[in-house]
Amino acid sequence: MTMMTMMMVSWSAFLQICWILMVRANQFNPGEPSGCRTNTPQSDLNSFLWTIKRDPPSYLYGTIHVPYTRVWDFIPQNSKQAFQESSVVYFELELTDPSTISALSRCQLLPAGQNLQDVLPPELYLRLKTHLEYVRLMLPSWMTPDQRGKGLYAEYLFNAIAGNWERKRPVWVMLMVNSLTEADIKTRGVPVLDLYLAQEAERMKKQTGAVEKVEEQCSPLNTLDFSQVIFALNQTLLQQESVRAGSLQVPYTTEHLITHYNCGDLHSIISHDTAQVPNFNNVTLRPSDQVTAQQIDSYFRRELIYKRNERMGRRVTALLQEQPHKTFFFAFGAGHFLGNNSVIDVLRREGYEVEHTPAGQPLHRRSGWRSADPADTDAALQPFLHHSRHHELQLLEGLELLEKVEHKLKKKHRRNKLKKQRQFNDLWVRMEDSVTAEAPPPLIHIINGYITVQTHPQEHERANHDRTFSGSSSRTGPALSALAVCVQMLRLLL
C-alpha cells in the first residue's frame, strides 16, 4: 500500500494547506518546482528530526508518503544515525503487519450487499465511471520505460489500484481517484519512506510498534457526513475532468511538496496556528459550497487534528514512561510535529523537553558516552546506509491479491513466524484491494495496490544502484480545485 509526504504531515497541516490553497488559489503560478532558494547544500537543509532530551535520548522524525528514493539522499546524516542508534521504532500503524492491510481494506468497503451505484447520485456515478475508463486507456502511455522493463503491464496495474472500486465507500473512491494520475502512476514500484523505514527496522532486528489502531484512522473518514463526502468527490472529479480537458493545471503538485520537504521548509506553506480561520473574501466558491467546506473543516479539526495528535502524544508519553532506559525513534507524518496542537506540544505539556535537531548537529548521548568521532559514526552507520539494487527490488514480498493475502500470510505465520515478510504502504491512498485482478506475472509484488517489482538476479547490475541507504469541468476554477489538491496533500503528508 501506499510521511512528511502520502504523506507520509498531520491533519492540521492538511487543513491549513487546504485553506491556504482555497484563499490564494488565484495567486499560484503553476510550473515546475524550483530548487532550494539558498546557497546551502540541499543535504544540509532537510531536518525533520526532533530530540526528546532524556537519558537516553529518544527521537521524533517526520516522514513523507512518497517513494523513499525521491527524498533519502537529502535526509541529514544525523537523522539516519538516530534511526540506527534507536532500539525501538514506532510508526503510526503496524506498517508490515498483514492484519493491518486486511483491516485497512475492510474499512473501505460499503456494507454487505451495497454497491457504489446504489449510493451515489446517478450523474456523479456515470462521471466517475467515465473517468476510470479514461484512466484505464491512458495507463499504458503513463507508465515509464523502467516500469515496463520490470514487467509491469497496464491492465494489471489498473486492477491493482482500482479493482473492486464499485464496492468501496465514496470517500475512499475519492482518494483513489486522486491517486490515479500520471504523476502518481509513475511512482509505483518503490516503497514510500515510511514503509522503507519499517522494513529496515525489521531487517535490523529492532523492536517495532504503532501508536494508532486502524480503526482510529479509518473511522473519522467513514463517519464524515455523506453530503460532505459527495461534495468532496464531486470536486475531485471536477479537477480531474478539467485536467483531462486541458483547462486546468494543478497549482500545487507532489513535486512541489517533495522540493519543500527536501529543502526543509514545509513551514513556508503551513500556517503556524491551527486555530486561525482564513479570510474567505477572495474565495470563488459559491456561498453554499463555502458553508460545506467550513463544515468539513470544523469536523476535521475536531476529529482528525486535535483528537488524533492528543491521542498519539499520550501514547508516546506512556511508552517513554514504561521503558525509560530505551531509545525510541517515532516516525510519523511530518505534520504531526508542525504547528500548534502538535504531538510535540502534548509531550511538552507532560514535562518533556523537545528540541529541533538541525542537520549537522551532533546527537545527544547517554551520560558517560564520549563525543562521536566522524570515522566512528561512519562505521556505526554502515549497516544502516547499505543500499543495492538487489535490496531495493526485494523490499516487498507477496504475489497474492488482497483477498488472498490475509489468508495465505496468516497461514504462513502460523507455520513459521520467522519466514514471514509483511507489507504496508501509503496509509490512505494505496490501500486499494484488487480482487478483480488476475494472477500477476512472477516477481511482481502487489499489496493493496502498491506495487514493487523484484527483477531476476541478472538484472540487478545498474549504473545507479549505489544510492545511499542504504459535473462539468467548466465550473472548476482555481478555488474549486483546492479541495482536490488538499486531498493530494493529505495522502502525502499525514
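Heads up, residue numbers simply count up from 1 along the chain you see.
Keep in mind that glycine also has a Cβ here, set from the backbone N, Cα and C atoms.
For 1-25, the entry in Swiss-Prot reads signal peptide.
According to Swiss-Prot, the feature topological domain 'Extracellular' maps to 26-467.
Under the three-state DSSP scheme, Asn234 (N-linked glycosylation site) falls in the helix class. All chains included, 24 other C-beta atoms sit within 10 angstroms of the C-beta of Asn234 (N-linked glycosylation site). Residues or ranges marked as N-linked glycosylation site by Swiss-Prot on the basis of sequence analysis: Asn234 (among others).
Look at Swiss-Prot and you will find Asn282 (among others) tagged as N-linked glycosylation site, backed by sequence analysis.
Annotation comment: Swiss-Prot describes 468-488 as transmembrane segment.
Sequence annotations record features per position, and here Swiss-Prot assigns topological domain 'Cytoplasmic' to 489-494 based on sequence analysis. Confidence over the topological domain 'Cytoplasmic' (489-494), given as mean pLDDT on the 0 to 100 scale, stands at 58.
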